[in-house]
Amino acid sequence: MSIISLQAFSDILYRYQNLIIISGLIISFSGGSWDITYHILSQPESFFSYPHTLVYTGIFIVISTFFINLRKNISNKNPHRKANILILLGTILILSAGPFDFSWHLKFGLDGLLSPPHVTLLIGWMLVGSGNLWITNNLIDSILLQNKKSNNRKSADEGDTNYRDLDNLSTLDHSNSLLDKNEQTILKIQLILNLSFILVILSGFIYFFSLPFSETQFYNYNPNPLVALLVYGFGFPFLLSSFFINILKNYPGFKEVILLVGSFYIIIMLLTQIISNPFLIGLSWYYILNIIPFAIIYLLDKKQSRKTFTEINLPPLSSSGNLKNKTKKCTHPKIYIFYALILAIFSFTICFPLNTYILNEELYGYLVYQNLVFKVYAQLFADYFIIIMSMSIVGGLLGYGLVTTGGIVGPSKHMVIQMHHYLSELRHRDR
């Protein structure tokens, strides 16, 4: 009986493995972000500090969940084998980072933000998160492909499922579906968490090589202040604009993803960088306003897409040749540039309070006390507004250019087809 129960538990764990793994990754990263605040506040540092404990808890969830079904995960019969191997490599790095960090603490005591164990852990997180997102995207593509086949909705490019219109998950015939309705909802949540985690990890890499928190009595890994200023000044606007425009292009039917991922990022930073710091907790109201740019983009893009598809005289679905020409009219490079600039400009407030230390290191060189962080931040913005905004705009445009260089910015043929059905259903309901 116990063997049967254990097997049932293993099967349930395997079924929801990717959701559990991404939850563990987020818990682990939150501990790492909180650890930065610990360094700032000069709290007693040890291998068993509170933030480190949160890191280990998340790691335990990830490792145990993946290794319980290791044979299934890397089996040749597993359609997600390549992605699982990427996850396996990431877990190996994460596991090695633990004893590496412990020995580093024994040898050097207080460690800096940029250290070999921390970089190892960050790369491990990135590999696991990337593999997990890979699997999530594959599942979404499989469901959408099945949806097309079950509804006899075939375009000239039938097999091409690089787009991901998650609105169509709700229109599936669940009797023949790979996943039931509840599991598809879980898949959407899983996607939001995966994208959010990738964003925080990428931002972590930028902070690692720009924050001046890596000097100890034994070594100094702090980046050159000017280099750090450039890495931050161009890096974050570039990251935010390229990341979210890429989401708009790859998940056109799930526009809420912009708002949800952006909000999730803000909440993680709020909890680990603002609320966890007693000197900054009073500024929580200020930081939560950073959700506004994501809400603006969500509302504008939703309105723009609806306007586009209602104005186009869509041909019958069989007229695939004409459809290709019609979709060329559905391009809005100017609105995407506007989105990129919004995110780039707001990067200065999104990156508070950590950007204060980066900019101060090169531009002022003050010894920043915690009760003066916001004052220094405001002074930086007033004194160096032109420099900050110039770097932000250039970084944002570079991010936009990276994502859109490969082709026309706008909805794909598949999105037009799916929206055609969506709007037809809406008009039918209105009658």
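Using the three backbone atoms N, Cα and C, a Cβ is placed for every residue, glycine included.
TrEMBL annotations: computationally assigned, not manually curated.
Cβ atoms under 8 Å from those of the transmembrane segment (12-34) belong to residues 50-62, 65-66, 68-69, 72-73, 87, 118, 121, 125, 128-129, 132, 135-136, 186, 189-190, 193-194, 196-197, 200-201, 204, 268-269, 271-273, 276 of the same chain, restricted to positions at least 6 beyond its ends. What TrEMBL lists as transmembrane segment is 12-34 (among others).
TrEMBL lists 54-71 (among others) with the feature transmembrane segment.
The transmembrane segment annotation in TrEMBL covers 83-102 (among others).
Summarising the annotation, TrEMBL assigns transmembrane segment to 122-145 (among others).
The feature transmembrane segment is assigned by TrEMBL to 191-213 (among others). The list of residues near the transmembrane segment (191-213) in space but at least 6 beyond its ends in sequence, with Cβ under 8 angstroms from a Cβ of it, reads 19, 22-23, 25-26, 29, 32-33, 36, 39-40, 112-114, 118-119, 122, 125-126, 129-130, 132-133, 136-137, 140, 166, 222-223, 225, 228-229, 231-232, 235-236, 239, 243, 247, 251, 254, 257, 260-261, 264-265, 268, 354, 357-358, 361.
If you look up TrEMBL, you'll see 225-245 (among others) marked as transmembrane segment. If you look at the transmembrane segment (225-245), the same-chain residues 6 or more away from its ends with a CB under 8 A from one of its CBs are 198-199, 202-203, 206, 209-212, 258, 261-262, 294, 297, 336, 339-341, 343-347, 350-351, 355, 358-359, 361-363, 387-388, 391-400, 402-404.
The annotation transmembrane segment is assigned in TrEMBL to 257-275 (among others). Packing against the transmembrane segment (257-275) from elsewhere in the chain are residues 26, 29-30, 33-34, 36-37, 166, 191-193, 195-196, 199-200, 203, 244, 247-248, 251, 281, 283-284, 287-288, 290-291, 293-295, 297-298, 301, 350, 353-354: each is 6 or more residues past its ends and has a CB under 8 Å from a CB in it.
Sequence annotations record features per position, and here TrEMBL assigns transmembrane segment to 281-300 (among others). Using a Cβ-Cβ cut-off under 8 Å and counting only residues 6 or more beyond its ends in the same chain, the transmembrane segment (281-300) has close neighbours at 244, 255-256, 258-259, 261-263, 266, 269-270, 274-275, 335, 338-339, 342-343, 346, 349-350, 352, 374.
Annotation comment: TrEMBL describes 336-359 (among others) as transmembrane segment. Below 8 angstroms of C-beta separation, residues 36, 40, 207, 210-213, 228-229, 232, 236-237, 240-241, 244-245, 248, 265-266, 269, 273-274, 277, 280, 283, 286-287, 289-290, 293, 296-297, 300-301, 368, 373-374, 376-377, 380-381, 384, 388-389, 392-393, 395-397, 399-400, 404, 409 of the same chain, each at least six residues beyond the ends of the transmembrane segment (336-359), sit close to that stretch.
If you look up TrEMBL, you'll see 384-409 (among others) marked as transmembrane segment. Away from its own ends, the transmembrane segment (384-409) comes close to residues 230, 233-243, 245-246, 249, 328, 331-333, 336-337, 340-341, 343-345, 347-348, 359, 363 of its chain (Cβ-Cβ under 8 Å, at least six residues beyond either end).
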